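Structure, as structure tokens:
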Amino acid sequence: MAGGKAGKDSGKAKTKAVSRSQRAGLQFPVGRIHRHLKSRTTSHGRVGATAAVYSAAILEYLTAEVLELAGNASKDLKVKRITPRHLQLAIRGDEELDSLIKATIAGGGVIPHIHKSLIGKKGQQKTV
């Protein structure tokens, strides 16, 4: 039996598995995003390895941005829980996020806005 493997443990130390999310320093699951990207493509599931890492990083950044703004909105209203209303105020208050996220947020309410032409000047009074 010469020339075969020396056994199950041939002197190499077993290393612990490191996920792609940990390698990239991300919280979002790179492997799961890669699987979903592969299932959505028409070219037989050919997606580059870095595409999933890049997509996960983008999603994580946008989520952190929205949550930070929504947290600020909830702090301003002196509550400890982020509601859909706080998400709506955060997204519609930021010009770039507003142009990116055009979806209707259920339970978000409306953004208060009065057109400038409807606001009367301080010196003018309405006469009856």
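Every residue gets a Cβ built from N, Cα and C, even glycine.
The region 'Required for interaction with INCENP' annotation in Swiss-Prot falls on one of the ranges 1-17, 69-85, namely 1-17.
Among Lys102, Lys122, the residue that Swiss-Prot annotates as ubiquitin cross-link is Lys122. Feature region 'Required for interaction with INCENP', per Swiss-Prot, maps to range 93-103 of the set 27-37, 38-48, 93-103. When Lys116, Lys121 are compared with the annotations in Swiss-Prot, the one labelled N6-lactoyllysine turns out to be Lys116. Between the CA atoms of Lys116 (N6-lactoyllysine) and Lys122 (ubiquitin cross-link) there is a gap of 13 Å, rounded to the nearest whole number.
Mean pLDDT across the region 'M6 cassette' (89-100) comes to 93 in this model. The helix, strand and coil residue counts that DSSP assigns across the region 'M6 cassette' (89-100) are 11 helix, 0 strand, 1 coil. If you draw a 10 Å sphere around the CB of Lys12 (N6-acetyllysine), it holds 6 other CB atoms from the protein chains shown. DSSP assigns Lys116 (N6-lactoyllysine) to a helix.
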